[in-house]
Amino acid sequence: MGIFSIANQHIRFAVKLACAIVLALFIGFHFQLETPRWAVLTAAIVAAGPAFAAGGEPYSGAIRYRGMLRIIGTFIGCIAALIIIISMIRAPLLMILVCCVWAGFCTWISSLVRIENSYAWGLSGYTALIIVITIQTEPLLTPQFALERCSEIVIGIGCAILADLLFSPRSIKQEVDRELDCLLVAQYQLMQLCIKHGDSEEVDNAWGDLVRRTAALEGMRSNLNMESSRWVRANRRLKALNTLSLTLITQSCETYLIQNTRPELITDTFRELFETPVETVQDVHRQLKRMRRVIVWTGERETPVTLYSWVGAATRYLLLKRGVISNTKISATEEEILQGEPVVKVESAERHHAMVNFWRTTLSCILGTLFWLWTGWTSGNGAMVMIAVVTSLAMRLPNPRMVCIDFIYGTLAALPLGLLYFLVIIPNTQQSMLLLCLSLAVLGFFIGIEVQKRRLGSMGALASTINIIVLDNPMTFHFIQFLDSALGQIVGCMLAFIVILLVRDKSKDRTGRVLLNQFVSAAVSAMTTNVVRRKENRLPALYQQLFLLMNKFPGDLPKFRLALTMIIAHQRLRDAPIPVNEDLSVFHRQLRRTADHVISAGSDDKRRRYFGQLLDELDIYQEKLRIWEAPPQVTEPVKRLTGMLHKYQNALTDS
């Protein structure tokens, strides 16, 4: 396929984007809005953003969800701007500086919340800055400007959603059904590898791939939930299926680790059962039936606990999978599974990274303010707006430098493209609404094709071109003003890029260490006799952290193995029959406090001291378990955990 070719699957979304832009333009001029450009720009960004992220037409619900986030972010930003202006109207410089700090604060928050919701916080940061900068000459018009901006943005979002509904968006349901089947087959094949106890690298690749696929399925669940309220039952089942899939991975990997020291635990009967190859979910179903019969014949005590748990989880997976595919009423058996254990959310390990993002956004906005005041450039405010937009959006993504480069390419491409529209197309079409709409529809169509290909600069070019062409009411054509706006965008993106290069993010190693220590803390916290605490389901949170670790350190197998071992230890200790008495309960609380001190320690020396204290306490705990005659199901996992912590002490304490 050539660089300028158009694939059939890209045409529908390109038409959808063109329709959203035309609707926003027509409504903006029909209702005599002062700046219809904001409505058009919002419609374009809301529609094109999910397509750029997905690398194709987004699934149903994605555009609506992004639109709702944009409305929320805009209202938060407008309220913040009004509060800042009312409080500091007599000190304009201080007012702008506080807005810069507000933009940084919103970026900090957006770095800590879920990636889907971070868009609203990033938007609220630069919305307040845009309002404060725009009303510098006429501060008394602030409420009117904020209201107009909110109205125009709501109109733009409404147009994007209407266009999405008109062109029958894709449903993700079929993809979910297909992935559920494939995932169960892959889970069975992973257990086959673990039973064979073959090459460790092959096993690592298999479970790593399953962790990624389970995370992707959770993302599909979020999309399905946004799509329609009729998938509420499927959404509940998919939440439980996420935990079951992670349980299957954990039990398979524990089976592999057990065979390192006690291969005789896996009997020949189960080895023969797992030698049968499977290709489809029906094959897996037949094999599970055979295994359940074997377990009934041999008895639960003669079955390795990991295999017994794996077969039970796979059976529940099959039951819920059928319910997701049919979307029927939830049965009593399913309800019992769904009413299982409350899922625990873990604290973010990226606090230092979030603080770096705060300083990047704040410093770049302050630098833009100083540049504007020092040069007195009429488009310095435009440069400041671009700085805030780029840094607020770039900081939420794994590679902010590439986002900045995308914006730089986009603003550079917008200069000749905007020039064509400003000098030739719009002056010759402004007398006819039909021709004006057609001209912008052509722009939206062709950029919509490139956005789906994730062409570098395409998203930036779309937003920057609409921002600089004359779409105000009434239209005025001042070439110097156009050139200033175009150059202001380019300068703003370049200043943001310079700040991102200068303020380096060295938080990667710290984040990795915090993640590993959080795994240790989770394993330690599983040693409890508190019934409520033992029922807490930390597995999704732990695997979410493991997925983050895999993204931060691709290919670092020792880190992944250590994290997985801690997850296995957590699950085993959580189900272990720990003796119930006050002496052990008090010591459990002491162990948790020490583990928390390891995570929160501000220096390597403190961390080493607390970690050494934790190891000493674990030795004392083992002695207490011996005194209280704890069974091997308790003492062996604690011994394995203590041995792992001794072995990896340096990796868990050094920066």
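Residue positions begin at 1 at the first shown residue.
Each Cβ is built from the backbone N, Cα and C atoms, and glycine gets one as well.
Judged by membrane topology as recorded in Swiss-Prot, H10 sits across the membrane from A394. Beyond the transmembrane segment (431-451), the same-chain residues lying 6 or more positions past its ends with a Cβ under 8 Å from any Cβ of the stretch are 6, 10-11, 13-22, 25-26, 29, 40, 44, 48, 51-52, 417, 421, 425, 458-459, 461-462, 465.
Only pairs six or more apart in sequence are counted, and the transmembrane segment (38-58) with the transmembrane segment (121-141) gives fewer than three Cβ pairs under 8 Å, not enough to call it a contact.
Through the fold, the transmembrane segment (407-427) approaches residues 386, 390, 394, 436, 439, 443, 456-465, 467-470, 475, 477, 479, 482, 486, 489-490, 493-494, 496-497 of its own chain, all at least 6 residues removed from its boundaries and within a Cβ separation under 8 Å. Within its own chain, the transmembrane segment (482-502) is flanked in space by residues 360, 363-364, 367-368, 371, 377-387, 390-391, 394, 400-401, 404-405, 407-408, 411-412, 414-415, 418-419, 422, 460, 464, 467-470, which lie at least six positions past its ends and keep a Cβ under 8 Å from the stretch. Under DSSP, the residues of the topological domain 'Cytoplasmic' (391-406) split into helix, strand and coil as follows: 11 helix, 0 strand, 5 coil. Contact check: the transmembrane segment (121-141) against the transmembrane segment (370-390) gives at least three Cβ pairs closer than 8 Å, residues 6 or more apart, which meets the contact criterion.
Within its own chain, the transmembrane segment (13-33) is flanked in space by residues 6, 39-40, 42-44, 46-48, 51, 56-58, 148, 151-152, 155-156, 159-160, 162-164, 166-167, 433, 436-437, 440-449, 451-452, 466, 471, 473, which lie at least six positions past its ends and keep a Cβ under 8 Å from the stretch. Residues 12-13, 15-17, 19-21, 23-24, 27-28, 33, 35-36, 38-43, 46-47, 57-61, 63-64, 67-68, 70-71, 74, 220, 223-224, 227 of the same chain sit 6 or more residues outside the transmembrane segment (152-172) yet have a Cβ under 8 Å from a Cβ within it.
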